[in-house]
Structures are given as structure tokens and as C-alpha cells.
Amino acid sequence: MYEKITPPSTGEKITFNNGEPTVPDNPIIPFIRGDGTGIDIWPAAQKVFDAAVDVAYTGKRKISWFKIYAGDEACELYGTYQYLPQDTLTAIQEYGVAIKGPLTTPVGGGIRSLNVALRQIFDLYACVRPCRYYAGTPSPHKNPEKLDVIVYRENTEDIYLGIEWRQGSEIGDRLIKYLNTELIPATPEHGKKQIPLDSGIGIKPISKTGSQRLVRRAIKHALQLPKHKQMVTLVHKGNIMKYTEGAFRDWGYELATSEFRQQCITERESWILSNKEKNPNITTQENARMVDPGFDALTTEKQAQIVKEVETVLNSIWDTHGNGKWQDKVMVNDRIADSIFQQIQTRPDEYSILATMNLNGDYLSDAAAAIVGGLGMGPGANIGDECAIFEATHGTAPKHAGLDRINPGSVILSGVMMLEYLGWQEAADLIKKGIGDAIANREVTYDLARLMEPPVEPLKCSEFAEAIIKHFS
Ligand SMILES: NC(=O)C1=CN([C@@H]2O[C@H](COP(=O)(O)OP(=O)(O)OC[C@H]3O[C@@H](n4cnc5c(N)ncnc54)[C@H](OP(=O)(O)O)[C@@H]3O)[C@@H](O)[C@H]2O)C=CC1
Ligand SMILES: O=C(O)CCC(=O)C(=O)O
Ligand SMILES: [Mg+2]
């Protein structure tokens, strides 16, 4: 079955039932070490995972690790250009849950992202990146503890589909000419626009199916959170990209108000209901004016639309959501992407789950991680219905590779997410305690040490792992 790798001789497979993993006490879990700093981070992280499972379950549970290959390490074993061997894909397919270090993607030419390829091959459509603060972590922000968000990033489409053509390529030129002469003139709203002939060109597909399955998972997650965090914000640049990013927003609301009607309230609906709660005799016209402060300046047609919206909301959900009942529902709102970047800094405690398309989520997860201590503290998971691959938010950080200095916290926290996904909460909690206590004790790697006041001598990557383990008890 495998060309160059052998699964561990002990251990069992994780299986899936309706998207939920069934986990034996001795699961086989494939791991990819990763390029660059993967060489430092992975051994440190693995030591922490094994120690936590051992302490939490005193031998009753144990992970059987299965080393698989991708990136530079794969080329060394399998030959030139064998960046993602079939063995690796077979192992992930067979065992269902895997964890990986970062993999290099060259800029401009060269291979396309192996990280993105894995997400697409296994249809891992939700990239889940929690950004929460550990007490004592130095941060450029005054109140980093106020940020506690989870970026829910669509993980398979958008420009990451990688359908693009180089400037000057034969097909790229043909496509531009076809667009300029046939499709753009046939679309009156585009007027006399033309694409410059010396352009590179890329395609940005955003599908209804892809958007809604991501938002569905985000809402289900919100329903598991404490009441005050039951909120999903649809992040988009729909004012500019109306039919891709704007459609993501509309499909998100459509899903929330159809599949989750009894559990969700949208922000606008909440305004309409609370206007009536405060003034039971309010007219629809007055209510509409309060919902849209620019109401009087709008066209008659637009005003009529808002009045209709008010009527529809009151007629359809007053009984189920009115009289304050909406306050117990998941709040679904939306924010324009550039605005959310400043909102997570100026009003962090107003947000919880941020549902995004692929590119916006990529940007936003690095930015949010920076607030709570940097990329060394940014974990992540790529989740599908039958498979999950855990990996940090950051990349290979090549200038730090092989120096035993990088922060392994992000991969260790990705492992915490994996343990929680497996239902091994006790082991996950031990690691969170270990990390929290190590940071509070000012035992940290260079990235956090350089921000600490007064200054503190940094630990090595491997020493930080040992410090975490030491704080289990
Ligand atoms: N999922 C994946 O595998 C990903 C892969 N990549 C790939 O990684 C490569 C390098 O990308 P690059 O843009 O440099 O981004 P990186 O995320 O690799 O690193 C950028 C900077 O972030 C900080 N950083 C990253 N990881 C850590 C960590 N564990 N602990 C502390 N600080 C950290 C470092 O900052 P400082 O030096 O200031 O301390 C580092 O120089 C590219 O090929 C890219 O495509 C990128 C993102 C995700
Ligand atoms: O695959 C890559 O090289 C980069 C991907 C990335 O930045 C991410 O997923 O956050
Ligand atoms: Mg990224």
C-alpha cells in the first residue's frame, strides 16, 4: 500500500460517523514535520503532546505517531519534485486526522502551495484559527485580553483555487481579448471598461455551497460557546466585489435565517425588534427610519424596501424572537473587511466568530494573532466532514530555521485543538495550563522575551517545551 513509509505496528484508525470522529485509545496519527522551523518546532511539540497524554491518562491512552512526508523532506526521500507523495495522501486519507508543520511556497513561479493543496484534496473547507490571550503574554496592545475571536476561514476556494494566467501567456492573452471584446461589452454595467493587455489575470470563484457550508459550521460552533460569545460576523468586501464577497454575505444571512431560524437573529432584525420593544406603538415607517439613519435621503424605492423589511421581520419573528427573546439567539452581523481590521483593535470585545472568505481570513488571522502575542501563539485547524489536519497559522519562518529558538507555541496549541477534537480534553487542558503557567512565569522564547518588561532571557524552542511540561503539575 505504501511505497516508502510504514505505519506504526500498534494503534488503531480513527473513523468518522456523520462528520464526528470515533477515537480509539491508541489512535494512529500521521504527522508532517514541515520545512524551515518545522525542524525545531515539531520535536518540541511532539514531546509536549506525549507528556500531556501520558500524565492525563497514565498509560490508558497513547498516540501512535506515523511520520509522513511533504515539502523538502519528501523530496529527499522520494526524489526531486516529489513534494507531496502519494504515500502521504494515502496515509491522511486512511487515518483521517493529521497534524503538520509549515511548508514553503515560493513567491511568483515555482510550485503552488502544498498547504493549500492538502486543504483542497481533502476538502477541509473550514480553517479555524482561535486568537485568545494567555495572561502575561507581552503585546503591543493595551488590553489584548479583550480579544477572544475565532477566525472561521473558507479554505477551498476564492483566489486560492489558483486559477490564474501569467502576463504575456498565450491563454492569458486570449482570455483578456475575449473578455474585452465579447463579455465586458455584453454586460452594460461594465460600460467601456477594458482590461489592460499587459495584465496577469486570476479568477476569484466564491460559491454559494462553499460559503454556506462554512457559515453553517461557524454557527454550529457559536451555539457551543457561552451565551455572551454566541455571535457570527460575516466579513466581506462586498461593497467592491458585489457578486463574490457581497454574495458571501447574502448567502450567510440566507443560511442563518433559514436553516437556523429559531437559533439566530440578525443585527438588523434585532434593531427592528428592540425598536418595537421600547415603543410598542411605533409605526413601521418610524421603525424603518430608526433602522436606517440615512432613511430620509434614500430614494422612494429604497425607503419602501426598508419599510417592507420591517414589516416582514415583525410579521415573521415577533412571536418567536420579540420581547427580548432575540437576546438568547446567535447574533449574526456583517462587517466590511477593512473595517474589521480596525474593529478588532479598537473594539475587540464586540466580536467572537469571524466568518470569512479565504483571502480575508488569511490576512485577518495573522493580524488577530499579533494582538495576542504574535504568530508564535497562533494555532489552527483545517476541518472537513471526514478529515482534519491541524497546523499553525504561521509559515516556515526560514531565517530562524535550525536555531532552536522559534516559539513552538502555535503548533503546540494546534495540538491542543486536535486533542479537543479527539475528545481528549484532560490532555488539552494540561497543555493549556502548562503554557499559561510558563508564560506567567516569564519562561518564554525570543519573540515574547523581546517584548517583556523588564527584559527576560529567552528560552530555546526545546526549553520552552520542557517548561510547559514542568508546569503540568
Ligand atoms: N500553513 C503554512 O504552512 C504556511 C506556510 N507559509 C510559507 O512560509 C514561508 C515563509 O513565509 P513568511 O512570510 O516568512 O511568514 P512566516 O509566518 O513563516 O514568518 C514571518 C515572521 O513571523 C514570525 N513568526 C513566524 N512563526 C513564528 C513562531 N513560531 N514563533 C515566533 N515568531 C514566528 C517571525 O517574525 P520575527 O522574525 O519578527 O520574529 C517570522 O519571521 C513562505 O514560503 C510561505 O508561503 C506561510 C504561512 C502559512
Ligand atoms: O501555503 C502557503 O504558503 C501560505 C498559506 C497561508 O498563509 C495560510 O494558510 O495562512
Ligand atoms: Mg497566512
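Quick reminder: no glycine exception, Cβ is built from N, Cα and C everywhere.
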NADP(+) site partner of Thr104, Tyr446, Arg450 (as recorded in TrEMBL), chosen from Asn143, Asn407: Asn407
Farthest-apart CA atoms of Ser113, Asn115, Arg119, Arg129, Arg153, residues recorded for D-threo-isocitrate, distance in Å: 19
Listed binding-site residues Thr104, Asp362, Asn407, Tyr446, Arg450, filtered to Cα within 10 Å of Asn115 (D-threo-isocitrate binding site): Thr104
Recorded positions whose CB lies under 6 angstroms from ligand 3, from Asn115, Arg119, Lys237, Asp362, Tyr446: Asp362
Set of same-chain residues at least 6 away whose C-beta sits under 8 angstroms from Lys237 (site 'Critical for catalysis'): Glu245, Ile336, Ala337, Asp338, Asn360
Length of the line joining the Cα atoms of Ser113 (D-threo-isocitrate binding site) and Asn407 (NADP(+) binding site), in Å: 23
Ser113, Asn115, Asn407 as binding-site residues, winner by CB count within 10 A: Asn407
Cβ neighbours of Arg450 (NADP(+) binding site) where a neighbour is any other Cβ within 10 Å: 13
Recorded positions clustered about Arg153 (D-threo-isocitrate binding site) [Cα within 10 Å; pool: Lys100, Tyr160, Asn407, Tyr446, Arg450]: none
